[in-house]
Amino acid sequence: MASLGVNIDHIANVREARKTFEPDPVKMVLLAELGGADGITVHLREDRRHIQDRDLNLLKETVHTRLNLEMAATEEMTSIALNLKPDIVTLVPEKREEVTTEGGLDVIKNKRKLKEIIQRLSGEDIPVSLFVDPVQAQLENCAEVKAAWVELHTGKYAITKKKARDLELSILKESTAKAKSYGLRVNAGHGLTYQNVEPIAAIEGIEELNIGHTIISRALSVGLSQAVKEMKSLIINPRKDNFLL
């Protein structure tokens, strides 16, 4: 059974829209954990558009489950991670003009830099995950740079309509098996919703799903704890063929 990492970036988005002090993503963590979150995910972007450095420091002290820090593979972010010591770091691609992360890391192109960063973080007992597209060549290189985890990008699956979704699901299943054969542990995320999560949750070998936007959206209607509970129930007892789009 996959666990659930709740991404709270969108809570910070609301706060930063007015550059004020509320809503406070740090305070919302307790509600997410009460609802059953197995971990908390935040992305500290280079432009600080939502999560701020102060949030990170407070989250390190208040998260009772585990803290997953998403970040770009830069010297600044590596230094922050080494000082913070989150439970895991997920390296993601980042473009200032994008609304959200648009694709996976190109591990092949950035192999030397990624290997160096992974060595530095791993040397301080911080495991590293690489957010990648479900492509065999990328997975092979994830293993070669000594990543402990990969997070498979589910974005293409998430936007696919009925006729093509089985193919995307098959690719994710095959990629999970391939990653594990390379000794990698596997997470997945991006674009997952209450309507499309169950087939992904049913894939054998995926250990955690990182989900944010749909949970925060649902929380506006039912509250954060209930929104997390509803998502957790779908992940615990997934129906392999349930895709409601």
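Using N, Cα and C of the backbone, Cβ positions are placed for all residues, glycine too.
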Residue in GLY35, GLY36, GLY183, GLY191 which Swiss-Prot records at the 3-amino-2-oxopropyl phosphate site where ASN7, ARG18, GLY212, HIS213 also bind:
GLY191
Using DSSP, would you call ASP9 (1-deoxy-D-xylulose 5-phosphate binding site) helix, strand or coil?
helix
For each of the recorded positions (ASP9, GLU70, GLU151), count the other CB atoms lying within 10 A of its CB, then report the residue with the highest count.
GLU151
Anything within 10 Å of HIS213 (3-amino-2-oxopropyl phosphate binding site)? Look among the recorded positions HIS10, HIS43, GLU70, GLU151, HIS190, comparing CA atoms, and list what you find.
HIS10, HIS190
